[in-house]
Amino acid sequence: MSKLIYLDNAATTKTAPEVVEAMLPYFTEYYGNPSSVYSFAAQNKEVITQQREIIANALGAKTEEIYFTAGGSESDNWALKATAEAYGNKGKHIITTKIEHHAILHSAEYLEKRGYEVTYLDVDEYGVVKLDDLKAAIRPDTILISVMFANNEIGTIQPIKEIGEIAHEHGILFHTDAVQAFGQVPINVDECHIDMLSASGHKLNGPKGIGFLYIRKGVKIRSFVHGGAQERKRRAGTENVPGIVGIGTAIERAVRTMQERTKKETEVRDYLIKRVLEEIPYTRLNGHPTKRLPNNANFSFQFIEGESLLIRLDMKGICGSSGSACTSGSLDPSHVLLAIGLPHEIAHGSLRLTLNEEITKEDIDYVVDSLKEIVAYIRQMSPLYEDFLKKQK
Ligand SMILES: *Cc1c(COP(=O)(O)O)cnc(C)c1O
């Protein structure tokens, strides 16, 4: 099978050729340490500032509010743990949701073991946070609200502006994990009252191992890595100059192509959703029908085991996911699918397909035709399906 149809862009994306090209000289030619005094190296400082500026502009932020990290997980850890520590004397209560990425959930659990209290908000059947629940969860000692911009599994986009307003009215810090949303939907940190925002290079056609945390000026946050004076003394370590150039170039590209790219992706994705729901019986779409990321489709097939579906798709050169990459391999159903109310057996039969701009309707035809065949094959071997058919008669 020579054909490869990559439909796992929520796990990671291809680094765009123009991004690789922009990065290369910073490995081979301009390899100096930006902290050195001679101009050969010091010019890299300027380059880093330029990238910060590109990113700040994309968010409506200020250049000095962008802090480079080693990716989305680090940004999430930093945002939660270091604000918890900095504001711990004001209160020890944090609000987040049940559908966050594990970088948030496990950081929250870490804090719980250290005397903080965390409220994990429920979501509705589409994966949307209920604003009344959020308001009800706020206490005098609440110091931080962290709600992801868009979910990595089901693609649901949250009412971030409304959440930001609620946080702002109560004088509570608001962090959002925008790793999936940034580059796919326009984001303005002021309009949404966002105080901190996490993003990652490799989710938007940039390199792996680089990300940033936006930190609004005035937010007290502890240093996450101690050492040198890099990143305004908040995150030590020699800068990943090629990575920084990579993420800056990727973000510039993502902003420039956003409108056209997401329009195309939405169209192809809707075609995928339509064909799957119409042609494969006992199937549901997970997530919100319209408030979802342009590239995300997530289905549950009754009487199917997600892993065997993935293996058979792989044999046809199709890359998909049964949940988030981090939990693949474990037998627990996805916490996100359980949070939207799916029973275990339905959650187990789930498939996430996330597109990129190169995927065409012809690719989707091949994928749906393959899916139909595989689903029918697996069901035909399922005793549960057999029982179900008998009862139907
Ligand atoms: C991928 C992802 C992360 C982690 O980002 P890394 O750069 O891989 O560490 C965090 N949050 C969400 C929503 C993600 O999709």
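Note that Cβ sites are derived from N, Cα and C of the backbone, with glycine treated the same way.
Some features that TrEMBL has for this protein:
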ACT_SITE  Cys326  active site, cysteine persulfide intermediate
BINDING   Gly72, Ser73, Asn152, Gln180, Ser200, Gly201, His202, Thr238  pyridoxal 5'-phosphate binding site
BINDING   Cys326  [2Fe-2S] cluster binding site
DOMAIN    5-367  domain 'Aminotransferase class V'
MOD_RES   Lys203  N6-(pyridoxal phosphate)lysine
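Mapped onto this structure are the features recorded in TrEMBL.
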residue	record	Cβ neighbours (10 Å)
Gly72	pyridoxal 5'-phosphate binding site	27
Ser73	pyridoxal 5'-phosphate binding site	21
Asn152	pyridoxal 5'-phosphate binding site	28
Gln180	pyridoxal 5'-phosphate binding site	28
Ser200	pyridoxal 5'-phosphate binding site	30
Gly201	pyridoxal 5'-phosphate binding site	31
His202	pyridoxal 5'-phosphate binding site	23
Lys203	N6-(pyridoxal phosphate)lysine	27
Thr238	pyridoxal 5'-phosphate binding site	11
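Checked against ligand 1, the binding-site residues Ser73, Gly201, Thr238 give Ser73 in sequence order as having a Cβ less than 6 Å away from one of its atoms. DSSP assigns Ser73 (pyridoxal 5'-phosphate binding site) to a helical segment in the three-state reduction. Here the domain 'Aminotransferase class V' (5-367) has a mean pLDDT of 96 out of 100.
In this structure, Asn152 (pyridoxal 5'-phosphate binding site) belongs to neither helix nor strand by DSSP; it is coil.
In space, Gln180 is the closest of the binding-site residues Gly72, Ser73, Asn152, Gln180, Thr238 to Lys203 (N6-(pyridoxal phosphate)lysine), judged by Cα positions. Binding of pyridoxal 5'-phosphate is attributed in the record to Gly72, Ser73, Asn152, Gln180, Ser200, Gly201, His202, Thr238, and the widest Cα separation among these residues amounts to 30 Å. DSSP classifies Gln180 (pyridoxal 5'-phosphate binding site) as coil under the three-state reduction. Mapped onto three states, the DSSP output places Ser200 (pyridoxal 5'-phosphate binding site) in strand. Annotation note: Thr238 (pyridoxal 5'-phosphate binding site) sits in a coil segment as assigned by DSSP.
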